[in-house]
Amino acid sequence: MNRDINFLISSQVVSDIGNWIDRIAVLTLAYDINKSPISMSFLSIMMLLPSIIFGAFAGKIVDSYDKKKILVLGDFIRAILVFLIPFFKEYIFFIIFAVSSVSIFYDTARSSILPELVEKEELKQVNSLSSSFSSLMMVIGPSLAGVIISKLNIEYCFYVDSLTFLISMVLVYMIRLYKYESPKAVRLYQIDRISFIEGLEYIKSNKIIYNLLLINTIVGLAAGMLNGLLIMYVYEFLNTNSQGYGTILTFKGLAMILTSLVLYKYLKNVSIDAVFKTGLIGLGISTTIFPLNKFFILAIVIQFFNGIFNSLFFISRTTIMQHSCDKQYLGRVFSMNTMLMNISSIISLVFGGFAAKIFRVRVVLILGGLLILISGVISLNKICSKSVLFEDGFSA
């Protein structure tokens, strides 16, 4: 790989560590402030809402302006915002909304700049490496967050995250190969040649894609409840702290890394829809079982298997989209998938927050697991792809 890819991936690694440390700290801080399930759900909404509001607009901005400058500016702004959290804790929800809004533009630019830094045949290798590092950071980040919170103070998590953004900014700034194309050559009206309506009509006509988006929407309904309330269950029912929560996420991330490696090395010719269905049903079962448990060690084991099934689902879902969708509609399909999942997640976050007040957190988490399990049952007859998981590279 060339030096510029090394700088880009290095910036991702450093930033991902900080992001995971920050995520654990934000969830812990929000919980400590008022210990309300509604507040936890609202925090998750603030993280998801920017992708719905700015998603389509961010794509046009990134395609029209210097991607490298967007990356540098994005890191700098987020470094300042995260650094301010310890001093303005009462405004944490608004700061997180601002950070997530900037991240929409940053993540879009990072994904878009990659094809301009490497040859087309190298993309799968680079994407594979990037995905592996992301999973690895999921293992390292939460553990570091737990240690920092327990040994030092939660404020240091935000200082560390701010520093990682600045380091990432320097690494991106050192990219030299990237040549910016003048906006005169790129018109906003030229970016989306296929209309939104045509994209919807294509999705409706492609049964595999249509059913996949339907299933992902159901999963999104469950994900909202789980992401917003899981940390409350860990604290209140497993009687642990942020370090324990970080340990659980660490083992889940480790399982995702191992699963990705096993799939790539030993299961190249496995039917993709079999992997998808196994992952989704297993994810539903493990998610449903988790809130029925009160033992910390058993919680780690359950989340380890949850990570295995999560990895199976994520990799196969992305690959089915790539294999079943015409290239000219691929961007529309991924965009629609993200939008539907985030909308359904926000709906379930609102429902989950109020439901946890009326019932118990455990009941809401079980309901989320059952929704995933139902989507897995639906997939048995609705997803029928004849492709294998990998052809000539890693697709995740």
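In case you wondered, yes, glycine gets a Cβ from its N, Cα and C as well.
According to TrEMBL:
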DOMAIN    1-180  domain 'Major facilitator superfamily (MFS) profile'
TRANSMEM  38-58  transmembrane segment
TRANSMEM  91-109  transmembrane segment
TRANSMEM  156-175  transmembrane segment
TRANSMEM  212-235  transmembrane segment
TRANSMEM  247-267  transmembrane segment
TRANSMEM  336-355  transmembrane segment
TRANSMEM  361-380  transmembrane segment
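The stretch from 91-109, 247-267, 336-355 that makes the most Cβ contacts under 8 Å with the transmembrane segment (212-235) is 336-355. Note on the transmembrane segment (156-175): residues 4, 7-8, 10-12, 14-15, 17-19, 21-22, 24-25, 68, 71-72, 75-76, 78-80, 82-83, 85-86, 117, 144-145, 148-149 of its chain, located 6 or more positions outside it, place their CB under 8 angstroms from a CB of the stretch.
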